Every structure is written in structure tokens, then in C-alpha cells.
Amino acid sequence: MKEIKNKGWSVTLAGLGINLALGILYTWSIFKQAIKESITAGDGRFNWDIASLNDPYAVCCLVFAFTMIFAGRLQDKLSPRITAIIGGILTGAGLIVISQFSNLTSWILGFGILTGMGLGFGYASATPPAIKWFPPSKTGMIAGIVVAGFGLASVYIAPLANFLIIKFGLNQSMLIFGAAFLVVVCFLSMFLVNPPEGYTPEETKPKAGTSAPTTVKKTENFSPGQMIRTGTFYKLWFMYFVGAGAALIIIGGVAGMAKKSMGEYAWIVVALMAVGNAGGRIIAGIISDKIGRTRTLLIMMSFQSVVIFSLLFIGETQVYLLVLAATLIGFNYGTNLSLFPSATKDYFGLKNFGVNYGLVFSAWGVGGFVFPRVAQTFVAKTGTPEIAYIMSAVLLIASALISLTTKAPESIPEGVSALERFNET
């Protein structure tokens, strides 16, 4: 029998690289600040309502998340390579579109819809093939490494965007990013490949005289229709909705928060938050492989609640406290992006992981759409985001309590749903 070459690490690194490009989403606060300054200056380039500043970002989050459902199904049925190429083309096209226009409608279409769809196709294709090459005991770690790229992207995109905007202006900067990311994502897509049918990672085979690993129990493969008929799915969905949405309020506006005290160096806070974001994804993945997903979720949700509540007592001129809080919020947020895909795989199996995680990930999109818009409404009416911070902290505590009751479904629900029939076509 021909020996199968393990391509796990090349696939993992390709997925990491793709996410390093797609992570431009987390640099929105830099772009938003440039647009806000144009509106305030009245230079005529961006004639937006100040209350609409977050709209392209919010739409992008929503489109990104729901595209994941269809993109996940495509990579399950067809291939991660083709799915990622589609993602690269759409992401680049969206950024190129907004490089030519300054009106809100074009930015919602370009950044919100086209780039949002591109992120969905690209992100959906990166993690599934990587974790399929590794044993269950490494699911959290590998998922964390792949998605860390998305969080880490702002470390280089934030200062680069700041430099390009100063030198060439916002629109020209979008053209440069669009062309570059189109090429990079499409090239790295060539390295994404699933293991052959029947492949079993060597590490899962017990050594002589030892028992099989017990870190992760054998899981039934749930279809999407079966998954959405379990209480576990809705618990995961709600926790993801809150965990993502609460943090995205801060991530989408952190540059503006730091602008008064740090001026043109506000991008440093964005970059440090990105370091925390990436670190949270990897560290939470490794820890959850050891102590379990729900225990890690309990710790993360509780800690995030405390940190966001502390923002009520941190002034805009308290630079060090602001940087520390932003980094911790980024870290806690990052844990979501490795814990929830890992939990989806643990609880519902690997066979339909792409589309199943797409459904769970829709919570991220709804949270990213709802929370920032609610926060922006509070700011427009009261001049402060404090009510949004309190709301987020309370919901995070509720999510921490829900994590205590979350576990793998005991059995697969009977019957066939409309969603299940859709997945079979």
C-alpha cells in the first residue's frame, strides 16, 4: 500500500497565511477614523451621516458569517482550494471597488458585501482541511494556529494602513490592499488539500501497552439539520453571539478611543489588540485540548465581562490602562475563534464540519452586526458607550453560566429537516 505523505503542516501554514490577509476586517477602526476625520473636516470626500460610520463594517460581519454556511458546504462537497480562490477574488474585488468611490452605498456594496463574501469563502476553507490532517487531541491547537492569522493581521496591516493613508490617501490604500490580497490568497489556496478518503492520523493509534487517547471522545457525525435540532447548538450560538459581539464593539472603535491620547500612533493599540487576539486563539486552543472546551469558555466569558466593565473607569488619557484593556479584550475575543470551531467538531463530528461550523459562525456575524450598531446608537444619543459596555458585561456573565450546562448531545435527533435535504443536494 502506498504511504500517504502527511501534508498537515503545509496546509496549516497556508491557512494561517490566508487568514493573515483576510484579517483586514479588524483594521476597520483605522479606516473608520480616516473617514470620520474627512466628515468632520467637511472636505466633501465622505459625506456620510456620522451614525452610519460602522455600517460597512457591520454589513461585512453579517455577510461574512452567513456566507460561511454556503462556503462551508462548498468546501465540504467540492474542495477547500476552489473555495479559497473564490474568497481571494471576492475580497480583492471588494477592496478595489471602494478604492474608486467615497459614498456610503459603494462602501457597503464593496467592503460590506463583496469583501464580506470573500472573507466568508476564504475563512471557511482554511481551518477544515488543516484539522483533518491531525488527531482529535490536537484539534484546538491546530484550529488556533490557523485562525490566529486572522487576529494577527492587524499587527502589520494597521501600521501599513496608517502609512499608506498618510502617503496616498484612503482610496488609493484600498486599491493597494485589494490587489495584494487577491494575489496572496489565490496563491496560498494552491496548498489547501484534504487528506485522502479513509486517512487516519498516526497519533491516534495507541502505542503497544497503552490505551487510546481519551482527551476527546468519539463523536457521531451530525448533519446540519440534525445539529440545529439539539439544545447544544443554540447554547453555542448564543455564547458565540455574545462573546463576539461584545468584543467587536471595542475592536471596531479602538483606534478612535486611542486617538485623543496617542494621536497618529493610535494604530499601536490596534496592533497590540491584534497580538492579544492571535495569542488568545492559540493559547485557548491548547488549554481547551487539556481541560475541555466548556471550562475554557467559562473562564474566558467571565474574564471578558470583568475587562469590559473596567472600561467604565478608564479615561481616554490613561494610555497604559487603555492599552492593557484593549490587549486583554483582544485576547479574550480571540479565544472564541478557536473554541467554537473546536467545540463544533467535538460535539457534531468532522464529516459535515464545514457547513455545521458555518451555521454556528452565523452567531459571530449577527453579533458583529447587532452589537456595534446598538453601541453606535447609544453613542449618538448619549455621547458615551457606557450603556453598551454594561449591557455587554451582563450578557457575558449570562453566557458564562450557560457554558456550565453545555455538553455534547446524547443522541442524534431522528427525522429529516429542510436544511438536511438542502445539504444532500
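Yeah, the Cβs are placed from backbone N, Cα and C, and that goes for glycine too.
If you look up TrEMBL, you'll see 7-411 marked as domain 'Major facilitator superfamily (MFS) profile'.
According to TrEMBL, the feature transmembrane segment maps to 12-31 (among others).
Sequence annotations record features per position, and here TrEMBL assigns transmembrane segment to 51-70 (among others).
What TrEMBL records for 82-101 (among others) is transmembrane segment.
Annotation comment: TrEMBL describes 107-127 (among others) as transmembrane segment. Through the fold, the transmembrane segment (107-127) approaches residues 14-16, 18-19, 21-22, 24-25, 55-68, 70-72, 74-75, 80-81, 83-84, 86-98, 101, 143, 146-147, 149-150, 185, 189, 192, 341, 354, 357-358 of its own chain, all at least 6 residues removed from its boundaries and within a Cβ separation under 8 Å.
Taken from TrEMBL, the feature transmembrane segment covers 139-161 (among others).
Through the fold, the transmembrane segment (173-193) approaches residues 7, 10-11, 13-15, 17-18, 21-22, 24, 79-82, 84-85, 87-89, 91-96, 98-100, 122, 125-126, 129, 157, 161, 164-165 of its own chain, all at least 6 residues removed from its boundaries and within a Cβ separation under 8 Å. According to TrEMBL, the transmembrane segment annotation covers 173-193 (among others).
Summarising the annotation, TrEMBL assigns transmembrane segment to 237-259 (among others).
Residues annotated as transmembrane segment in TrEMBL: 265-284 (among others).
Among the features that TrEMBL reports, transmembrane segment is placed at 296-314 (among others).
Annotation comment: TrEMBL describes 320-341 (among others) as transmembrane segment.
Distant neighbours of the transmembrane segment (353-375): 54-55, 57-59, 61-66, 68-76, 124, 127-128, 131, 222, 224, 227-228, 233, 236-246, 248-249, 252-253, 336, 340-341, 344-345, 385, 388, 391-392, 423; these residues of the same chain sit at least 6 beyond its ends, with a Cβ under 8 Å from one of its Cβ atoms. Under the heading transmembrane segment, TrEMBL lists 353-375 (among others).
TrEMBL lists 387-404 (among others) with the feature transmembrane segment.
Same-chain residues lying 6+ beyond the ends of the transmembrane segment (139-161) with a Cβ under 8 Å from its Cβ atoms: 8, 12, 15-27, 30-31, 123, 126-127, 130-131, 173, 177, 216, 267-268, 270-271, 273-275, 277-289, 293, 330, 334, 337-339, 341-342, 345-346. Of the ranges 51-70, 82-101, 237-259, 265-284, 296-314, the one with the most Cβ pairs under 8 Å to the transmembrane segment (320-341) is 265-284. Using a cut-off of 8 Å between Cβ atoms, the transmembrane segment (296-314) and the transmembrane segment (82-101) share fewer than three residue pairs, counting only pairs 6 or more apart in sequence.
Spatially, the transmembrane segment (387-404) is not adjacent to the transmembrane segment (82-101); fewer than three Cβ-Cβ distances between them are under 8 Å for residues at least 6 apart in sequence.
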